[in-house]
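What Swiss-Prot says about this one:
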BINDING   Gly258, Glu259, Asp260, Asp261, Arg301  N-acetyl-D-glucosamine binding site
CARBOHYD  Asn220  N-linked glycosylation site
CARBOHYD  Asn335  N-linked glycosylation site
TOPO_DOM  1-12  topological domain 'Cytoplasmic'
TOPO_DOM  39-344  topological domain 'Lumenal'
TRANSMEM  13-38  transmembrane segment
Amino acid sequence: MGCNPPYHLSYRLRLLLLFTLCLTVVGWATSNYFVGAIQVIPKAKDFMASFHKVIHLGNEETLGHDGATKKPELANCPSVSPNLRGQSKLVFKPDLTLEEIEAENPKVSRGRYHPEECKALQRVAILIPHRNREKHLIYLLEHLHPFLQRQQLDYGIYIIHQTGSKKFNRAKLLNVGYLEALKEENWDCFVFHDVDLVPENDFNLYTCGDQPKHLVVGRNSTGYRLRYSKYFGGVTALSREQFLKVNGFSNNYWGWGGEDDDLRLRVELHKMKISRPKPDVGKYTMIFHTRDKGNEVNMGRMKLLQQMSRVWKTDGLSSCSYRLLSVEHNPLYANITVDFWTAA
């Protein structure tokens with residue numbers, strides 16, 4: 001009997017000590033956990049701050065100052081497009097319509113096109129003088145649009161239409177085209193293009209260089225030979241500065257002939273040299289036609305050529321007068337209609 005109380009006291013003491021020890025261990029583990037958590041929280045905050053900074057910088061690269069999405073800047077197109085095919089066999093469908101051509105060129109709008117895959121090296125305006133040649137125009141547009149697109153050009157096509165039945169003035173129409181096209185875009189290069197000539201080889205680049213370019217080396221109607229050694233007609237390319245330097249074309253060539261030789265003389269007067277592509281590249285098909293009424297041969301062209309050196313400063317872009325009747329933007333081209341009411 002005397003031994004029982006000490007036994008029970010010792011057992012309870014053991015339980016108390018065991019319970020105290022357990023509390024101590026749990027407390028120690030818990031305190032270590034919270035200390036570690038406190039140390040981790042600042043690191044987590046630093047990580048999230050860095051993450052948000054990266055996201056913000058990424059957004060700055062794709063958003064403009066006004067919050068609008070910015071497209072990444074395109075690389076320049078190559079000087080020679082990888083899309084070129086070379087010589088093509090041209091086919092002219094007798095029942096071809098403008099609507100068919102529009103369907104084949106869905107990325108052309110208001111006569112304008114630019115490549116989406118790269119930044120074009122030049123902005124090129126194609127100027128086509130026109131009157132009563134609707135079928136020729138359709139055929140040219142059918143082939144010219146894909147031709148220029150394969151060259152990866154930023155281009156616009158302008159048809160300059162002379163109204164009325166008075167004598168046709170190709171050169172003055174081209175001066176008008178130059179002046180009016182520059183109201184819409186600061187074009188780098190101008191291609192002066194007859195409506196009845198269709199290029200056959202897309203390596204014949206419709207771009208401008210250090211010197212004026214004559215692109216028609218040969219055509220089917222001449223056996224693909226140059227018409228004469230100093231021929232500078234049909235299709236020519238001059239930069240904005242080159243054409244301005246020579247004061248453009250003369251305005252005084254009414255009817256057919258002489259204006260292209262006059263331009264050549266102006267180019268030579270300014271010590272510029274005419275360049276041409278290789279004969280197998282500068283090939284064109286001329287669509288057959290008879291002489292238009294109102295475009296008879298200019299019998300006074302030789303006299304005008306003789307006085308070019310005296311009058312070029314006052315006869316050209318600087319004196320090109322006309323009445324602008326309309327500027328209409330069709331899907332495939334811009335149509336500029338003018339009246340030369342002072343025509344003789």
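The backbone N, Cα and C atoms fix where each Cβ goes, glycine too.
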Under 8 Å between C-beta atoms and at least six apart in sequence, can you list the same-chain neighbours of Arg301 (N-acetyl-D-glucosamine binding site), or say none if there are none? Tyr253, Gly257, Gly258, Asp261
So among the binding-site residues Glu259, Asp260, Asp261, who's got the most Cβ atoms within 10 Å? Glu259
C-alpha spacing of Asn220 (N-linked glycosylation site) relative to Glu259 (N-acetyl-D-glucosamine binding site), in angstrom: 22
Record-annotated N-acetyl-D-glucosamine contacts Gly258, Glu259, Asp260, Asp261, Arg301; largest Cα to Cα distance in whole Å is 11
Averaged pLDDT score, the topological domain 'Cytoplasmic' (1-12): 48
Those same-chain residues, other than Gly258, Glu259, Asp260, Asp261, Arg301, found with Cβ within 8 Å of the centroid of the N-acetyl-D-glucosamine-site Cβ atoms are Ala171, Gly233, Tyr253, Gly257, Asp262, Leu263, Asn298, Leu304, Leu305
Cα-Cα distance linking Asp260 (N-acetyl-D-glucosamine binding site) and Asn335 (N-linked glycosylation site), given in Å to the nearest integer: 23
